[in-house]
Amino acid sequence: MHNLLWLQSGGCGGCSMSLLNAESPDVIALFEAADINLLWHPSLSEASGREFLAILNDILNDRLSLDILCIEGSMMTGPNGTGRFHVMGGTGKPMIEWVSELAAKSRHTVAVGSCAAYGGITAAADNLTDATGLQFEGEQTGGLLGDDYRSQSGNKVVNIAGCPTHPDWVTETLTSIAMNEHTDDDLDELARPRMYADHLVHHGCNRNEFYEYKASAESLGDRGCMMENTGCKGTQAHADCNIRPWNGQGSCTNGGYPCINCTAPEFEEPGHTFTRTPKVAGIPVGLPADMPKAWFVALASLSKAATPNRLKQNAVSDQLIYPPTIYKRDK
Amino acid sequence: MSRIVAGPFNRVEGDLEIALDIQNGKVDSAEVNSTLYRGFEQIMLGKAPLDALVYTPRICGICSVTQSVAAARALADCMGIEMPRNGQLATNLILANENMTDLLTHFYLFFMPDFARDLYADKPWFAEISNRFKATSGSATAVMLPARAVFLHLMGLMAGKWPHTLTIQPDGSARAIDRAERIRVVTIISAFRKFLESELFGDNLDTINSLSSIDELNAWQASKSWDHSDFTRFLHISEELELHKLGKGPGNFLSYGAYPLTEGHLFAPGQLIKGKRTDVTISAVTEDHAHSWLTPLSAPVNPMQGETTPDLDNDNAYSWCKSPRLDNHVMETGAIARQMLNRNPLIEALVAANGANVHSRIVARLLELASVIPAMQTWAKAIDPSAPFRHETKLPDSARGIGLVEAARGSLGHWIEIKKGKISQYQIVAPTSWNFSPRDSFGIPGALEQALEGAPVRPGETEPVAVQHIVRSFDPCMACTVH
């Protein structure tokens, strides 16, 4: 049995809400199947107040083993390093102190969501609250626990980045840990589980035919590829959102809006309006992953010249204007 | 007099602490502390206005779409436009999908598990309730989670994902749905209706929606065994524990009106202060910082002039939450307020009898589930896949706008000012900012603070169970409260 404790700090709770969307089976059944014993979760557990604090104290006094510590939300280190932007209710003690003490006991430490991983949305603008991730601050390692931190199993903090996280990213990572299979080799450079982070959002995008011909959307809701004009980062963003749909059949790109690369550190400050593509000399600044610029420009101009009228017209409409032509055998 | 500092509370969407002064086995006074500050109102300054649609949903993972809609409406107000009909229908459907999911989640996962606590083990109903609602292991969780997940397939289809969508734009929906998708939406809602009818109500929703007096509700209840459905289970234990005597609110209600179409709202907007109903006087909304860890104001101000600067040196402060007031009155907001302002006869009767309390708040929520689902069926069928979902409109370079919306848990407003194409002012007044506000500059306690006064405390209780029932009866969202 693997004891799991889940705490929230400087975030929106959306990764927990997303976790409840897990299906076939549901999250409770998934935990049971993985032999994970939920010590406490803020949305799911009965224990409140002293009953809950007794669990924390039992962990800190080695009366209860903590196999997996999941943290959701940024670590609020401000103002001036005091952590007073989040003092845990009923305790008078800043959340960052609770997390540091518990992380020293946990066999595995998991940051759920981009806030806990890198600072995330809470660290936007001038990061006035000094929000940081558990082991990263933006792209730099460090964060609350520091570059040298290792959990009791000897592993780094696992960054299940995303805003929010897909329920399967969380349940599959936790199950892998519970199966005693997880090592640091399973993580990419940004400590994200490679199970989902070795893919691009572009993979399986249902706008791929528009991408091939650079038939671009001009406005949100248009059916065309969103890379050229409306800010889509799906060709660079590491996640499997279009291979493994959200809420049954969705994804950002399928919802009519661009990928904002929410699994990446510092996605919250892209340096441009989220839904507009920054360009230099008419060429998007962010090119598809591993694509040499000269080839991109050459291929784009060639494919634009070859764009069928059907795609040109459909790309700038929110509804299908021209269905594909039906070919019949000549008789 | 003794003092308990209770917390952290869970099943409240975020962190919460309440200081309780206890006298003669009852709460004499309460101070409600929203413990987390993130600073969204500061983050927004200087951003491109449309980026509000990315940032503000991330205030809250449970009211995410509601925040999207408030931001979209504030921007639409700047543009001076209305969405095309398909955009309105799509927005109502997406928002209702979130709100109904919330009402369901609140009832099954947040509120009912407190009645499965061991301290009720001596009650004759305990075995049944514990078996059904015990946190994580109850039989209700096992059927409710899959039904919830499938219901949210509507989000996958119409909004890309939940939480945190960008589909809802000021000028419409960015996700046109085709004929096949419209049919799938209709089917998803019908399937969820079946779940509500079989598990939650044990009766047809039309029957539930026809209950228009306390006598009719009692007669309906009497016609079923107490363990007939989750609604009858609640009504039974509510009667046994006299939940109508717990948690009486301030008696003033606010609703911005829910689910608008051009021809009107499904639930009418309004304010009800000291028994007087009027339109909402939005200019009379103010916030003050008298008991907040924020730089003090010389006087309460309208959110369009609002300020947010953290200040831990305010000696009178005990919360990060501001104190919103309407014409200086403490307001209660949420399903019960919506149904009071919409003149639901059963809710009006319950409030006339005993005020807004733990019992009437829960009944109002469940009735809302029963009445919104049929409306969703109508909206889905009314979508015309061949008509536009969005009329693209440019934002002016300078403008002011207000976006008002009803979250499951009550009234949410965004106030925006744009200067030279950038956000120069952004203020958010969330439902639980109203309900869980600290005292104002007149020393008047917030709605929950008032509701907790007189709550019974059993000997030795550190987080009194009555306090927990009252707190959760508001369906609080602490993530939104301070933001």
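Including glycine, each Cβ sits where the backbone N, Cα and C put it.
Predicted automatically and left uncurated, TrEMBL annotations should be read as such.
These numbers come from a predicted model, not from an experiment.
Database features (TrEMBL):
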type	residues	note
BINDING	B:E41, B:I428, B:H483	Mg(2+) binding site
BINDING	B:C60, B:C63, B:C477	Ni(2+) binding site
BINDING	B:C63, B:C480	Fe cation binding site
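B:C480 (Fe cation binding site) falls within a helix when secondary structure is assigned with DSSP. Between the C-alpha atoms of B:I428 (Mg(2+) binding site) and B:C63 (Ni(2+) binding site), the distance comes to 13 Å. Here B:C60 (Ni(2+) binding site) is compared against the binding-site residues B:E41, B:C480, B:H483, and the shortest C-alpha distance is to B:C480. Here the Cα atom of B:E41 (Mg(2+) binding site) is found 12 Å from that of B:C480 (Fe cation binding site). Between the alpha carbons (Cα) of B:H483 (Mg(2+) binding site) and B:C477 (Ni(2+) binding site) lies a span of roughly 10 Å. Classification of B:E41 (Mg(2+) binding site) by DSSP places it within a helix.
Taking the Cβ of B:I428 (Mg(2+) binding site) as centre and 10 Å as the limit, one finds 27 other Cβ atoms among all the protein chains shown. Filtering the binding-site residues B:E41, B:C60, B:C63, B:I428, B:H483 for a Cβ under 8 angstroms from any Cβ of chain A leaves B:C60, in order along the sequence.
Cβ neighbour count within 10 Å across all protein chains ranks B:C63 highest among the binding-site residues B:C60, B:C63, B:C477. Note: the Cα of B:C480 (Fe cation binding site) and the Cα of B:C63 (Ni(2+) binding site) are spaced 8 Å from each other.
B:H483 (Mg(2+) binding site) counts 26 other C-beta atoms within 10 Å of its own C-beta, drawing on all protein chains shown. Those residues of the chain, other than B:E41, B:I428, B:H483, with a C-beta within 8 angstroms of the mean position of the Mg(2+) site C-beta atoms are B:F40, B:M44, B:T56, B:I59, B:T308, B:Y426, B:Q427, B:A430, B:V482. In the structure shown, across all protein chains, B:C480 is the one of the binding-site residues B:E41, B:C480 with the greatest number of other Cβ atoms within 10 Å.
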